[in-house]
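> Please find one structure pasted underneath; my questions will follow.
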Ligand code: 16G
Ligand code: MG
């Protein structure tokens, strides 16, 4: 390590005085103007991680669904997963080190993590469409270069595409070719195969309206469109030519406001979907004939997908185990439907993709989705091999089912939740089953729910257990929540400190919207009183 060069270059990326940042659920995230030093230092860290794992490491510059003025950065581990927890700590230390301490922190990390400094390093970099992203990704590259790492700059990519590239490169191309072209071809080939079968059975040709949140999803979907146009026609809205990124549009806006994005022309019963700013989340929706808005969130996506997979497994007569992984935010109706009607086991983890991803790896087929639309399906190597073998050996209907499964495996981005890949899977399933968006929506009815935020002096005074469904501290809070929940029918509520914002989040559901609203409000007041609320007391009324 040429520490003198590090010191020299690091001085060109000074840390703003007093700024302390934490590597959170989705990496570092804050106003773009405060991130230059973090980018440079994450370039350095990516080199160390690459040397330690003897693998290619990814660095993605994005702030996902957050406002255009924000930015962020996260590292992608060898198999496309989120960075290992011990390295999240290293990332936080390095990002917060004072200028004169950067060298020492780098040396400490290398020693603690037993990094072989003689090893070569390779880092791949991607960025979203934010105005600040290009310059910030140059700072990452400078960090990589100063420590002697090799790199490939992919330029504009969706977050899941970067995960895909990392995964491909570390599996010697077995998963796919590490180019955007390779990504388009792999997914489109599987999709076209699947929809061919659907159209043979006389189903309608698909057409879909896509709100791209004025982000990278628009660019990539436009590039990809002609690869899959035999199976689906997409019409893009909020494609970045006019509006601002994530402003009044995108998956996060639609899910949290439960209303359509601006700038989209919706006709009744038309299938529509929204991506978020870096295209790793997707939600569907439609207007019914009476003009009512219906949201189809990550829970209903997981339900559609897992039901379909289960049917195929029954058809081929294989007892591969399938599990669905959710978080506490999953609507109670979805959990009940999956367990009682579909008879698939459901597990709950803490919020944040890495927790769901990890749990999903325990099954032959692990379906994971957050209610906010982030998710995918993981197939174990054994399951994949078995299915591919059956697709050759079985006959007639069984063979067809195995072949469908084979293509579904290829269509899912198994390195990360991916709006484009999920969209194609959903469209293929709807076409194969001949389902309309209304029929899909009618699988079960969501319980009315409400999410609120409460400002407190220190959100870490709230600690939780049981996958965030129970508050352990401050004392008395869980008892208060239990008493409030008892007042309503079909009710449930929980609170947790946000991993991305300085607030406590409150979730409540109940048999009616009024009850859910009122329960959420009462729980907010309890948090305010017992967990050190600051500013105005939470008001009722929405
Ligand atoms: C991040 C997470 C997302 C989670 C959200 C929760 C990743 C890639 N993203 O966006 O999964 O739902 O944080 O935010 O893990 P919160 O902690 O502020 O509620
Ligand atoms: Mg995102």
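Cβ from N, Cα, C; glycine included.
Owing to the predicted nature of the structure, the values given are computational and were not obtained by experimental measurement.
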> Among 310-344, 345-379, 380-414, find the range that TrEMBL records as coiled coil.
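When 310-344, 345-379, 380-414 are checked in TrEMBL, coiled coil belongs to 380-414.
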> If you count every Cβ pair below 8 Å, which range out of 51-94, 116-167, 297-434, 453-524 shares the most with the domain 'Phosphoacetylglucosamine mutase AMG1' (178-283)?
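Highest pair count goes to 297-434.
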> Taking only the residues in the coiled coil (380-414), give me the average pLDDT of this model.
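The answer is 95, the mean pLDDT of the model over that range.
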> What residues in the same chain, six or more past the boundaries of the domain 'Alpha-D-phosphohexomutase alpha/beta/alpha' (51-94), come closer than 8 Å to it by Cβ-Cβ distance?
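Residues 21-23, 26-32, 35, 38-39, 41-45, 102, 105-106, 108-109, 112-117, 119-128, 130-133, 136-137, 140, 144, 157, 159, 162-167, 169-171, 213, 216, 244-247, 250-253, 276-278, 280-281, 353-354, 357, 414-416, 500.
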> Using DSSP, tally how many residues of the domain 'Alpha-D-phosphohexomutase alpha/beta/alpha' (51-94) sit in helix, strand and coil.
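Counts, helix then strand then coil: 13 helix, 14 strand, 17 coil.
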> In the domain 'Alpha-D-phosphohexomutase C-terminal' (453-524), how many residues does DSSP call helix, how many strand, and how many coil?
25 helix, 22 strand, 25 coil
